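Taken straight from TrEMBL:
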DOMAIN    A:6-286  domain 'UvrD-like helicase ATP-binding'
BINDING   A:Ala27, A:Gly28, A:Ala29, A:Gly30, A:Ser31, A:Gly32, A:Lys33, A:Thr34  ATP binding site
REGION    A:643-689  region 'Disordered'
COMPBIAS  A:651-661  compositional bias 'Basic and acidic residues'
COMPBIAS  A:668-678  compositional bias 'Low complexity'
Amino acid sequence: MIDFLQQLNDVQRQAVQTTEGPVMVLAGAGSGKTRVITYRIAYLIGEENVAPHQILALTFTNKAANEMRQRVDELLHSGSSRGLWIGTFHSIFARLLRNYIHLIGYDGNFSIYDSDDSKSLIRQVMKELNIPVDAVPVNTVQGIISKAKNSFILPDQFHAQASDYNGQKAAQIYEVYVRKLRENNALDFDDLLIKPLELFQAQPAVLEQLQHYFRYILIDEYQDTNKAQYLVAKSLAAKHRNIFVVGDDAQSIYSWRGADITNILNFQDDYPEASVFKLVENYRSTQTILQAANGVIKRNRRQIEKELVSRQSSGEPLTLLESFNEKREAEKVGEYIRTWKLTKGFDYKDFAVFYRTNAQSRVLEDIFRMDRIPYRIFGSVSFYKRKEIKDAVAYLRFIRNDQDTESLLRIINFPPRKIGEVSIGKLRDYALTNNSSLYEAILKAEEADFPARLRNALQGFIAVIEQLKDIAKEGSVYDVLSALYESTGITSLLQAENTPESMARYENLQELLSMARDFSDHNEGTNGLNDFLNGISLATDYEEVQEDDNYVSLMTVHAAKGLEFPVVFITGLEERLFPLNYYESDELEEERRLFYVAVTRAQQKVFLSWAKSRYYYGQPQTCMKSMFIDEVDSSILITESGKKQSNGSVSEKKQSIERCNGRTPVPSSVSKSGGNSSSDERSSGLKSGTRVHHAMFGPGIVLSVQGTGERQKAKIKFRNVGEKTLMVQYANLTFEQ
DNA sequence: AACTTGCGTATTTTT
DNA sequence: TACGCAAGTT
């Protein structure tokens, strides 16, 4: 037996050694999930002599993929992971599609559109279809389309299903959007998952080949897979049935992005012969922390039962911080960090502050800056989303794929070449009448009766592009990029501008160039540009945590998943903030899982914090304590003065009784003015926080109630149509089940 | 093309 | 309240 197996507990070892047939590992927080996957891969290669290329390991983040690869190398010997197919769903399928997509009518040099690119394409489609963007927000449309794609519902089917007006419009947009993507020879993120499915349907032989090729399939974070990912994995595993999935249903927090928790809940329906292992031994947190987490998550109905067991002593109780507003909350967090640092030997980097929404980071930042507490915010704007980077990348994409109109429009007049909107309109018309791509139209512009000035400008642009195309044929990515900076002058323009902003952009472009150099040094393959672009489009974790840095980490709970910290502050624990507005019990359950994730990040200590008042959109709002605080076993929760919580004061309990909802008791919350309007509420039973259903507008939550009797009006926030003020007597509201 | 103004919107965001 | 985006202004 390979000696590294000694480092596993019994269940982990069994999971690693059960190499044949379907396996599901339910890995609770901190139970050594990554360890099991990496050891299994190492075991397959080192003990079972499986060739690395026969193993396909799919993750959700590049970071996870890189870590795994590295750990496999460490377990065996450097270089053993060579040939292993390990990466994110998106990057692995992008790679496969580069080879096979010509079979379904795309060019292998396709561009990959990120969500901003696809948004701009949708905007353009809506313009063409004369659908005003203020009627249906672009974001909403994008969400609808993405959701459809994630569920593998193609335009035809979507069209057939669309019942209401909005659905019809969305179907129309969806159809044209898909057509445009194809014309641009571009794939959006969702396409990277569904094009393989289309490929498998159209070319069963390819599927068969891949099924044969990938003997072992491993999937990390299985609870986060969506329908398309589920289907791809299922298709690929159909032959050998060696599918190994690891996940934790209790940490499923991405349903709003299409993740389907039923994939993990129903794994055994698809694979009745599956071996199932539950990892519940937790190596991260104290008993007390796990007691809190277990107690909370138990309240969810949709779950696979398991209770985390700590390998550690009981540790400290959780501390509840109550503040009169969010500023005071931030100050308190700062104070605790400072005193704990001084008196208990913690360092800044041992603390993390979590919040439900990004907007909450602001106060924390302000206070920390004043208090001189070093901090770092995670999840700010990605490097690759910066304008100058996107511009440079658009050049690279376009050089590779000149059907990519999105990229073309981005660069045609950047830097300014006197090719403005009017000229572009002419070119578009010209392309349309000649039934050609936009760039073909530009190439033929000499023949058209355009003004000489425009023809000159276009020639200049063509010269730049064609020169770069030539360099790309022989040269490295670095060569192309530096030639691009040179011939377009984008870097010297920024330098000349010489403002702090322009210099920051200049630095970013230099950073991109050094990344290209680094890439070119390590990748000699012929497909350099494609691989580089793949990496950029699908990368997120550009910001690396520097080991030696010492700062407090600030992040959303979502961003915290997978991380751990000695001391954790969970802030903004108020109704309607955490849990955030929810309309159904499923959504509340996801909020609860999110809270569970937050608590289980902590190794030694958790602070739960809420504020009685908080600014929302410039208005101070009265807040109610989150139900999650009350869900923590009161015997392990103390106040700042060290007292045990008496599980909520009597008066608070009374207020928080919800009368109109059948299923889950929800404490009512935030009343608009903060004043009491209880006399108004009694007549209809409506009050702020009541969840209602309107025949036209669908589900909503009452924000405030004014007046009584016949003249009573309610301000209601609807899930789909936003806020409305309605006369209660006409609105015919029903209480949501 | 660079400015201003006004409007709408304001959850989470692994790719 | 504040920010980003789109249209309007010079």
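Backbone N, Cα and C define each Cβ position, glycine as well.
Comparing Cβ neighbour counts within 10 Å across the binding-site residues A:Ser31, A:Thr34, the minimum falls on A:Thr34.
In the three-state DSSP assignment, the secondary structure recorded for A:Thr34 (ATP binding site) is helix. Taking each of the binding-site residues A:Ala27, A:Ala29 in turn and counting other Cβ atoms within 10 Å of its Cβ gives the largest count for A:Ala27. Cβ packing within 10 Å was compared across the binding-site residues A:Gly28, A:Gly30, and the lowest neighbour count falls to A:Gly30.
Per-residue pLDDT, averaged along the domain 'UvrD-like helicase ATP-binding' (A:6-286), amounts to 91 for this model.
According to DSSP, A:Ala29 (ATP binding site) is assigned to coil rather than to any helix or strand.
Same-chain neighbours of the ATP site beyond A:Ala27, A:Gly28, A:Ala29, A:Gly30, A:Ser31, A:Gly32, A:Lys33, A:Thr34, judged by a C-beta within 8 angstroms of the site's C-beta center, are, in sequence order, A:Asp248, A:Leu279, A:Asn282.
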